[in-house]
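Chemist: As listed in TrEMBL for this protein:
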- 11-22: compositional bias 'Pro residues' (COMPBIAS)
- 1-30: region 'Disordered' (REGION)
- 60-79: transmembrane segment (TRANSMEM)
- 152-169: transmembrane segment (TRANSMEM)
- 190-216: transmembrane segment (TRANSMEM)
- 222-239: transmembrane segment (TRANSMEM)
- 259-280: transmembrane segment (TRANSMEM)
- 401-423: transmembrane segment (TRANSMEM)
- 429-448: transmembrane segment (TRANSMEM)
- 460-479: transmembrane segment (TRANSMEM)
- 499-518: transmembrane segment (TRANSMEM)
Amino acid sequence: MGETENHHHPPPPQAAAPPAAPPNLALSRGPTWTPAEQLHQLQYCIHSNPSWPQALLLAFQHYIVNLGTTVLIASNIVPLMGGTHGDKARVIQVLLFMSGINTLLQTLVGSRLPTVMGASIAYTLPLFSIINDYNDEDFASPHDRFVHSMRTIQGSMIVSSFLNIILGYGRAWGELTSYQVLTTTFSKRFLLILLSRFFSPIVVVPVVCLVGLGLFARGFPLLGNCVEIGLPMLILLMICQQYLKRIHSRAHLILERFALLLCIGIVWAFAAILTVSGAYNNVKPATKQSCRTDRSFLMSSAPWIKIPYPFQWGTPIFRASHVFGMLGAALVSSAESTGTFFAAARLSGATAPPAHVLSRSIGLQGIGMLLEGLFGSLVGTTASVENVGLLGLTHIGSRRVVQISTAFMIFFSIFGKFGAFFASIPLPIFAAIYCILLGIVAASGITFIQFANSNSMRNIYVLGVSLFLGLSIPQYFVTSRTFDGHGPVRTNAVWFNDILNTIFSSPATVAIIVGTLLDNTLEANHVEDRGIPWWKPFQHSKGDVRTEEFYSYPLRINEYLPSRFL
C-alpha cells in the first residue's frame, strides 16, 4: 500500500484593487453627473403654477387616478361585510370626501407637498378580523351586519388615530427620520437609541423604491383580469405620452400633460363598445366583473345628492381587540406615507422633507384618521403613491394643482350620480395606469443613492438585503393568507396576529425595519459613505435656506400655532 503524500499549498495571494482609469480615458467615456438635490426637468415645481385651464385638467387627472384605488378597496370589502350596491356607493362617497378633506389639510398645514391622501389598503387585514367576528353572529339581515361592522370600524379608527397624533405632534416620528446627537441625560440618550439617527439616504432608497414596487399586485396582475382592455391602455399610454409627443412642439405640451385623460377616454369607449356588442355575454362572472362597464352598479344605486356627516352609520362600537389590530394599520400607513413624502419632494422639485415636517404630517394624518372615524370611512388614508407618480409623468409638481383636485373629490362625493359615472371605469384601465405611475415612484427612490457612496460594498449589502427582504417577507405573508384574511401569524390573540400580519405585509414598513437596523449597526461610523453630510442639513428647520421656501405655512399661520405644530 503506497504512502499518501501530504501536500501543503500556500494560501492564494489576495487580489489587488483594480487600477484606476487614466484621467484622459475617464473623460473619453463621457461626462459624470453631479448629484442634483432638485430635478431640473420639471415644467412646474411645488410653488409654481400652470394656467387655470391647465390646472383644472391636471387636477381632474389626480381625481381620476385616486378614484381607482378607492373603488378597488370598496368593491372588495363591502360585499364581504354584507353591504349592497347602494352601501358600496355610499362608502365610495365617504372615502372620496375624506380624501378631499385630508388632502387639503396636508397641503395647507401638513407636509405642504403635492400629495393626495387616498384610501390605504393597509387597513384591510384588521377589517377581515371584524368581518370574521360578525360572520359568526346572527343579524336580522346582511345589511344590519354591514352597519354593525361599519360602526365597529368607526370606533377602532377613532381610538387608534391617537397613536399617529402622539407620534407626530410629540415629534417622535420626526426624530425617527433625523440624524442628530443628544448629549444630555441618560433618558435622552436612551431615546436617541430608539428614535433618532435612523434614516440616511441608504435607508430612503429601499423605502421609496418599495413604496412603488410593493404595490405590484395593483399593476399587471389586476390588468390581466381583462387583457383586451388593460393591455391596449398600457401600450397606448406609453406611445402617446412618450413617443407621439415628440412629433410636434404643440403635441409635446398636450400629450405630456393630458395623454392620461385622452387614453382613458379612448379605451373606456372601446370597453363600452365591447360591452354593448355582447362580447362578454358568455364569459365567466369574474371576467364580466372586470371587463364590462355596467357591472359596478354604481350609477343605479348612487344617490343624486348625499352629504357625508358624522356618525352616519350610528354610534361607534369600541372593541379592544379590533382597536389594537387597527393600531398596526395606523403604523403601516405612517411608514408608507413617509416614503411617499420623500418621493413627492423629489418629483415636485423640493428638497428632502425635514424631520419637523414629517412629524407634523404624521400628526395631521392622525387627525385625519380621527375625522374618518367620525364620518364613518371604511379605511384610513395614506399618501397616494400613484398620484405622486403622476407628478413625474406630467413633469408638473405644483401644489396648487393637487389642492384644486380636492374640489373634484368633494364635489363628486356629494353629487353621487356624477361621481358614479367615473367610478364605473373598469379597474384594468386603472391597473394599466398604475404600471407606469408606480414604476416612476420606485425609480425616484433609486435617485437618492447619488447622495451616498454607491461604490461602497457596505452600502451595496444594506441596499440589497433591504430591497430583497422588503419584497420577499411581505410576499410570504400575502401568499400565506387564507381566503378569510388570516395571515401566517396565528396565535390565540387575534389583535396580536393583526398587528404583526399587517406590519410584515407592507414592503415599505419591512424596508424601514431592515434598512434602519442594518444601516445603524454595520459600520455606522462611516457617515460620509452613508450620505450623512448631505442628509443632516435637511433635518433641521434652519439647516437649509430652501426649507422655509418649500415647507413653511401659508398666510403666516406659523405665528399663531404652538411650536410643536410647526
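Glycine too: its Cβ is placed from the backbone N, Cα and C atoms.
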Chemist: If we call contact 3 or more Cβ pairs under 8 Å (sequence gap 6 or more), are the transmembrane segment (222-239) and the transmembrane segment (499-518) touching?
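Modeler: No, these stretches are not in contact.
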Chemist: For the transmembrane segment (152-169), give me same-chain residues lying six or more residues beyond its boundaries with a C-beta closer than 8 angstroms to one of its C-beta atoms, as numbers and ranges.
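Modeler: Residues packing against the transmembrane segment (152-169) from afar: 126-127, 130, 134, 311, 313, 316-319, 322-323, 325-327, 329-331, 333-334, 359-367, 369-370, 372-374, 376-378, 380, 564-565.
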Chemist: Please check if the transmembrane segment (259-280) comes into contact with the transmembrane segment (429-448), where contact means 3 or more CB pairs closer than 8 Å and the residues in each pair are separated by 6 or more positions.
Modeler: yes
Chemist: Per the 3+ Cβ pairs under 8 Å rule, pairs at least 6 apart in sequence, do the transmembrane segment (429-448) and the transmembrane segment (60-79) touch?
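Modeler: These two segments touch.
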